[in-house]
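The feature domain 'Xylose isomerase-like TIM barrel' is assigned by TrEMBL to 21-262. Annotated active site, proton donor/acceptor per TrEMBL: GLU143, GLU246, in sequence order.
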Amino acid sequence: MPRFAANLSMLYPEHAFLDRFAAAARDGFKAVEYLFPYEHDAKELAARLRDNGLEQVLFNGPPGDWAGGERGIACLPGREDEFRAGIEQALRYADVLRCPRIHVMAGLVPEGRDRADLRPTYVANLRWAAKVAASLGVNVLIEPINTRDIPRFFLNRQDHAHELLGEIAALNAQVQMDLYHCQVVEGDVAMKIRQYLPTGHVGHFQIAGVPQRHEPDVGEVNYPYLFDVIDEVSAQCGWEGWVGCEYRPAGATSEGLRWMKR
Ligand SMILES: O=C(O)[C@H](O)C(=O)CO
Ligand SMILES: [Mg+2]
């Protein structure tokens, strides 16, 4: 089985956020990811990780005005200074949390704008982010996200993400391959794992049941089959990453983890 990381932004809603580290450790997780650490002191988060024997394997760069509906600003012309300040803040947290990868959310295509017009800004921002992150040994990840969950999101498909990596042209820029989004947008998930994982350009997986985004054993995707594919291809290409459990538990989180005990 792959190595699973608990997404503390979605799992354990029964607990306050800072108590979720201990809850995940009690359920046997050795790693966590979450959206945004920024409302917490980095040292407090590092203490939760240390006290519970957990690795921080991913978090997101600042997304812009999340409450106002923004989902990243990397594709938005005129926001470059804010973007750079956000990446520098994220890297300060990554240093304290010893987190090796940051998900840089692309942002929404503004009404009346064409996605293609935003591509140069997006590529320039990700090139800059990768360059500064490389100095700290941190990878920057880009994630295709479906437009049912996030209408107008800039990046939706795996092939587009890998094309953009070619333009960003940074060894530490990789794709965050969320299999939930991949199934919603494209399907043919197993073959896309076989196509992209051996390239070395997949930095992280995430999973959730489709279509409800509950546990992976609730819905149309045969995750045991996909876990075997990830294990098989990882063994062939030496991939040693993590699979983030980015789903909304249908009931109590711990009881819902039966899918992990295969
Ligand atoms: O929603 C997702 O799948 C992303 O992983 C995220 O970081 C939040 O939108
Ligand atoms: Mg995701």
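Placement of Cβ uses the backbone N, Cα and C atoms for every residue, glycine included.
Fair warning: this is a prediction, and the values are worked out from it, not measured in the lab.
The Cβ neighbour count for GLU246 (active site, proton donor/acceptor), using a 10 Å radius and every protein chain shown, is 25. If you take the C-beta of GLU143 (active site, proton donor/acceptor) and look for same-chain residues 6 or more apart in sequence within under 8 angstroms, you find HIS103, MET105, ALA106, LEU155, ALA161, VAL175, GLN176, MET177, ASP178, HIS181, GLN206. Summarised as a single figure, the pLDDT of the domain 'Xylose isomerase-like TIM barrel' (21-262) averages 98.
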